[in-house]
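K.L.:
A single structure is presented below for examination.
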Amino acid sequence: MIICRSLVSASAGLVLSALASAAMASSSPGGYEDICVVDDTERELCLSAPAERIVALSPSVTEMLFAAGAGERVVGVVSFSDYPEAARSLPQVGSYDRLDLESLLALDPDLVVAWAGGNPGQQVERLDELGLPVFRSDAANFEQIATTLERFGRLAGSADIGDTAARELRESVAALGERYVDAAPVEVFYQVWEQPLMTVNGEHWISRALSLCGGVNLFADEAPLVPRLSREAVLAADPEVIITGGMGKADSTWLDAWRQWPQMTAVARDNLYFINPDLVQRATPRLVEGTRALCQHLDAARERR
Amino acid sequence: MLPVNAADSSATFRPTRRGRPLGLLALLGVVSVVLAVSVGSVALSPMELWLTLTGQGSSLHQTLVWELRLPRALAAFGTGALLALAGALMQVLLRNPLADPYVLGLSGGASVAALCAMLAGLGAALVSASAFAGALVSILVVFGLAHGSGSWSPARLLLTGVVMASGWGAIITFLLAVSPVEELPGMLYWLMGDMAYARSPWPVLVIAALSALVLVPLGRTLNVLARGGQQALALGVAVRPLEWGLYLAASLATATAVTTAGSVGFVGLMVPHMLRLRLGADQRLILPASLLAGGCLLTLADTLARTLIAPQQLPVGVITALIGVPSFLYLLHRSHGKG
Amino acid sequence: MAVRPASTDQALPSCSLSCEALVIDVPGRADGQPLSFSIEPGSRWGILGPNGAGKSTLLHTLAGLRAPRHGRLRLDGQPLTDWRRRAVAQRLGVVFQERHDEFPASVLETALIGRHPFLRAWQNESEDDVQRALGALEHLDIAHLAHRPLATLSGGERQRVSLATVLTQAPQIWLVDEPTNHLDLHHQVATMALLDEQASQGAAVVMCLHDLNLAARWCDHLLLLYPDGAACWGPRDDMLVTSALERLYDQPLSVAEVDGAAVFMPRVASSLNSPRPTKEVSHDAHVPYDAVPHDTDSEER
């Protein structure tokens, strides 16, 4: 397998919008042309044939590979890769933040999909040095999730499934946007964590998902992607709705903590909503499902006005 | 009254007793590196290991042994050796058996610089370079402040260093508090110390070898320095240059170790201590023994760290403390009996 | 005694230590009287003075361990600062009052550091060095403790280890801070006899002493150091002037004669009325404090 990789000198936005067409042009089924894609760190990755043994280095990447039709080719994952069900039984190569390079190599992968924002840089660089083809993924919004699905499909020889998944995702998002285009705005506090109290800023996909159906993130202007807040700031902002993922799938103890301030609008109207964090806190196609759930909560809040 | 008894006691005197412990430790060093190379997430049979070592194994095994396990084992050995040596030197320099390589704030400086580099999104090589630079800055600041007014003493150096360390600690906490959540795991692992960050074993091995060449011949002089600066001066030791030399050597050793593997704790404090409990305080024995024993400890600890709950990986600092603390307490308990 | 004479197998000739207008640096105190004297081979000097007068400071200054405020020292005629520390240590040994035993060591190891100035960095102690150290331990009655850790010794035993270390060093000039500290009467006498023996073999001995009577019995020269920095020095008999000593310690003294030598005892309050013994002051030496015009006072204040 011939591998070439080079840094593409173009801005991220340009690359992301251009790469779908570029990638499509170079892949002809059954042919011997290289499959070339540009990853989320602007590196070009070329495979001489579709990848057959893929290792995914984050739970989100695993989800997206499965969604792009490459599930059967995934031979290794990291811990907490619990979706879809089939991923649970795959061999693990450590956790996303501490990789076991040895067991990774032992799987003899022909493609490693890393998480640019989460895996230790040193260890990913080590994979480069060992000559493994590495795709660095860092999807952070609907459009990037869609292009990721397209690129994954291309790399795994399942371009049709990947493209379909991407199209469906774009259509669902567009449909949501149309449905809520005139929806009354609802001021929302999305709680990521309890101690310390954390939320998301306007750049985060959760904030964008909320704004899709009329949610207004009260802390959209904070500088960090995941700002830490004082409880005072939240009381002062007085959100109409508080949504949190809690620590587990059915854990809503964080919401109960707000009930000691009945003067808050969200508490007074009982607009305290729990959402499955796996649906919104991972940037994967399931975010559409999560967004629908968020929108339903906002609808419920509008009815309580 | 004299000669018979005198000749008897001298027959058991030190110089003859130095070879054996060092030989044993060197042997243990070889064993620990061989063990580190043989064990991992992927099981190799002795036959496969032999074939790989003689250059005939499968390409996967070649990669595992030569590109993953051996460099990491050697880096662990060198890092442990440097930390233990630096600890032994700091203890003599500060005339305080409780000193460790980090007591003067050096790892704090390295950590602050490394965390800043991570925050700036710099690559692994630049994080290492920043850590080294941070360590150097810390060395120079402490040197300057402790040296500045002219009146100088180990106590003053210790105080300056400890205060600097607290300052760095505050900055580290601040950086952790304001850093993006997604950067935190990497930062925390760096602070804990982890051999997975080792890029090349050569810096630690070269510095360890150089330190051994320069410092081991100074052993007897350090024995005299351990009796106090005035006493050493009265016995002809050039105390001031020696102390600054010690400070710089220990700092350079620590900086190299920290740059390679983050702030691995415990080794620098405990290894010289454990050795003194077993072997006495003769620096001619303690310094080379620290190099070897520190190397062994970290190599073995790292082997455990990457295999104990594989494929999950543990930070090596956890293991050094987990195996070091009980063995230290055991030695302490036993030596107490001997009085 | 079993120990070999320390000086005979030492190739170094006798040394003298002299100071020229030396003013020691006691922080927070005005310049004291400049000291000018020479400590010749074979002499036994005692430095007397109350607590805080600067006895240890003077001793450390004489050893070159701290810089004087003014004046200078000469070792064998050469300024002390021109000597390499190692060469100084081959000639001059110091017994300290304070010790640093943070790190474990055996008695023999401790005595052996006395050989440090004579060994190159990479050299180990030879059999001969070990024999010297053992001889020194023997001389101080602690050979049986040779392999004991320092931490297990009594204060007096530890003091004798310090003396044995310098005996192993076998210097031509001994500077001893309180040689009889922690020692019982027998070992006080043995220690003074050891220093006396060193002097009679050609060494110069300088010691800080608390015990006036030990000084009177074992020293041939005395230096009286007053808390304000004033000082006087000279042959013993010229210095043992009761009024000067009373002024030195700010303590009335009684003098008795025991075995043909003067013995000084502090007088308790009830006997203050008894007549003060007087002695004629001889003026051929530097004169005791109360006999000189207080010319230094004007400089100080």
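Cβ from N, Cα, C; glycine included.
Annotation source TrEMBL lists transmembrane segment at B:22-44, B:73-94, B:101-120, B:126-145, B:157-181, B:201-218, B:248-272, B:313-332.
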K.L.:
With the transmembrane segment (B:126-145) as the reference, which stretch in B:22-44, B:101-120, B:157-181, B:248-272, B:313-332 has the largest tally of C-beta pairs below 8 Å?
P.N.:
B:101-120
K.L.:
So which of B:73-94, B:101-120, B:248-272, B:313-332 has the most C-beta pairs under 8 Å when paired with the transmembrane segment (B:201-218)?
P.N.:
B:73-94
K.L.:
By a Cβ-Cβ criterion of under 8 Å, what residues six or more beyond either terminus of the transmembrane segment (B:73-94) are in contact with it?
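P.N.:
Hits for the transmembrane segment (B:73-94): 29, 32-33, 36-37, 100-101, 103-104, 154, 157-158, 195, 198, 200-201, 203-205, 207-208, 211-212, 215, 222, 225-226, 243, 246-247, 249-251, 253-254, 256-257, 260-261, 264, 267-269, 271-272, 283, 286-287, 290-299, 301-303, 316.
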K.L.:
Can at least 3 Cβ pairs under 8 A be found between the transmembrane segment (B:157-181) and the transmembrane segment (B:248-272), with each pair 6 or more apart in sequence?
P.N.:
no
K.L.:
Would you kindly list the residues that approach the transmembrane segment (B:248-272) from elsewhere in its chain, counting only those six or more residues past its ends and only Cβ-Cβ distances under 8 Å?
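P.N.:
Here the qualifying positions are 75-76, 78-80, 82-91, 93, 98-102, 104, 106-107, 110-111, 114, 128-129, 131-132, 135-136, 139, 143, 189-195, 197-199, 203-204, 207-208, 211, 214-215, 286, 290, 293-294, 297-298, 316-317, 320-321, 324-325, 328.
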